[in-house]
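One structure is given below, encoded as structure tokens.
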Amino acid sequence: MTTAIARREPIFPKRILLDQLIFSIMVWAGFAVFMFALTFIVSLVREIEVSGWNIGGQPARWFAFVVGIYIGWTVLQLHVTHGGTRKGFAIQALIFSVAYAALLGALFVLTFFLEAGYYGLMGWPQALHQPELYAHPLDFGMALIQWVMIFGVWTLGGLLIGVAWYRNVILGALCIPLGLVAVSISTYTFSGEIGPMNWLRAFVPPQPGAVPAITAHLAIIAVFASLTWLAIRDIPIKNKSEAG
């Protein structure tokens, strides 16, 4: 008589983190070359006065968001159908989101130093186009804190929407307004820009400082993580035809 031994799930998502890191480095290299080339083209028709890479932070946010959706929609189903538990996936996905945000943040901020060399060679000033938590692109510590927080919010936002949409289309759609509020608060606390959600100005002071801004981001991350767990803990797994 043999006794089945339950397979212990790893807590740290080493495989998926490594895969996404390699993919992100390849995308980063192409995007950096594109931004540097675009800056040169723009310099032919006007003076370069600000950091192009800092402006490139907007598409970088969306990249993190899409990766989060991929983890929440595709990797969830693969994990559970291959013998993993929902709880195990939730733990790995949340750890992945935090670690991935840190890696993306470091990659993004280190590129400012490559840009500094490029701008120095071309004789361009490397200034900021809008207020940030950091006063200059080479203020490594504050820039790293800001971008890790930003990528954390966007990656977890994508994870939440991916999981919620996988569970139920209506639930996923309801998460979108929540995400819009969260990213508006994120942008507003760091740069003073809030987009179409002007009503938030009554509740969030513009650029309140490093500690309140970081606290706001940690609160958003905690809310996203909690809602993600609530969506995952008893989520029904679809067959291929339903998921597709």
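A Cβ is built for glycine as well, from the same backbone N, Cα and C atoms used for every other residue.
What TrEMBL says about this one:
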TRANSMEM  21-42  transmembrane segment
TRANSMEM  62-81  transmembrane segment
TRANSMEM  93-120  transmembrane segment
TRANSMEM  140-162  transmembrane segment
TRANSMEM  169-190  transmembrane segment
TRANSMEM  210-232  transmembrane segment
Chain residues outside the transmembrane segment (62-81) and at least six past its termini with a C-beta under 8 angstroms from it: 16, 20, 24, 27, 88-89, 92-93, 96-97, 100-101, 104, 151, 154-166, 228, 232, 235, 237-238, 243
Folded-back contacts onto the transmembrane segment (140-162), same chain, C-beta under 8 angstroms, at least six residues removed: 57, 60-62, 64-73, 76, 93-94, 97-98, 100-102, 104-106, 108-109, 112, 132-134, 172, 175-176, 179, 182-183, 186, 190, 210, 213-214, 217-218, 220-221, 224-225, 227-228, 231
Intrachain neighbours beyond the transmembrane segment (210-232), with Cβ under 8 angstroms and 6 or more residues off its ends: 72, 76, 86-87, 89-90, 93-94, 97-98, 133, 142, 145, 149-150, 152-153, 156-157, 159-160, 163-164, 167, 171, 175, 178, 182, 185-186, 189-190, 204
